[in-house]
Amino acid sequence: MQEKLKNDKLKIGKYEFDSRFILGSGKYSLELIKSAIEEAKAQIITLALRRANTGEIANILDYIPKNITLLPNTSGARNAEEALRIARLSRELGCGELIKIEVISDSRYLLPDNYETIKACELLAKEGFTPLPYMHADLYAARAMRDAGAAAIMPLAAPIGSNKGLCAKEFIQILLNEIDLPIIVDAGIGSPSQACEAMQMGVSAVMVNTAIAEAKDIALMARAFSLAVNAGRAAFLAGLASVSEAKASSPLTGFLRD
């Protein structure tokens, strides 16, 4: 049992990780980032890279332990070309080739633009990046992103920052059935139980930001999510019992006599 869990690695392109919990950094005070990372036992942390905030980015990097893998995102990009420019900036800042593609042109619902994201995957892959596209769970778009060079697919569970949970559960399940890439649930997860449910489905990892950043005790909530992700993964590997009609767990005959 322990060996099975020990050998269970998250593989993204050429990278391997022991933790399947990815931590967002968008809403934390700088002082709390390090403690959240430690309690989450995360090995990957996302990082916004808008050109207007380069000074702030340098400060954030000072608070992230050196052994943590950075997953910069293209937050602020409204099209594929802007995503490429932000990705290039991230590489210039020394953040490596892993990049989370975020292309959002809708300021009301903040839904990712799948069409521009497909284009961004192709552009970034051609320049040697390892793209992880954030997307609205759609099979055709996911296939196109895979074919364009995506190393993993990051469908939203619910609108970003909403904490509504697995609203897109059925569509995420289709991606799990049909896409032979890591599926990382991103956006909308609001509680540890929801993260656990996602992992039980068989997703490769879960990314959480708002639900931890807005908790009363950020470090403790980060730990709660870490435990939930691990529990959900273990349940998936163990094999969940099928859902069915009522079945007696003990014999109902032969124990009462007239």
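In case you wondered, yes, glycine gets a Cβ from its N, Cα and C as well.
Predicted, not measured: the structure shown is a model, and the values here were computed from it.
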Of GLY161, GLY232, GLY239, residue recorded by Swiss-Prot at the 1-deoxy-D-xylulose 5-phosphate site of ALA187, GLY188, ASN209, THR210: GLY161
Whole-number Å value for how far LYS100 (active site, schiff-base intermediate with DXP) lies from ALA187 (1-deoxy-D-xylulose 5-phosphate binding site) (Cα to Cα): 13
Which of GLY161, GLY188, all binding-site residues, has a Cβ with the fewest other Cβ atoms inside 10 Å: GLY161
Neighbour-count leader, CB within 10 A, binding-site residues: ASN209, THR210: ASN209
Between LYS100 (active site, schiff-base intermediate with DXP) and THR210 (1-deoxy-D-xylulose 5-phosphate binding site): CA-CA distance (Å): 17
Cβ-centroid neighbours of 1-deoxy-D-xylulose 5-phosphate site GLY161, ALA187, GLY188, ASN209, THR210, 8 Å, sequence order: GLY24, ALA158, PRO159, ILE160, SER162, ASN163, ILE189, GLY190, VAL208, ALA211
All-chain count of other Cβ atoms within 10 Å of LYS100 (active site, schiff-base intermediate with DXP): 28
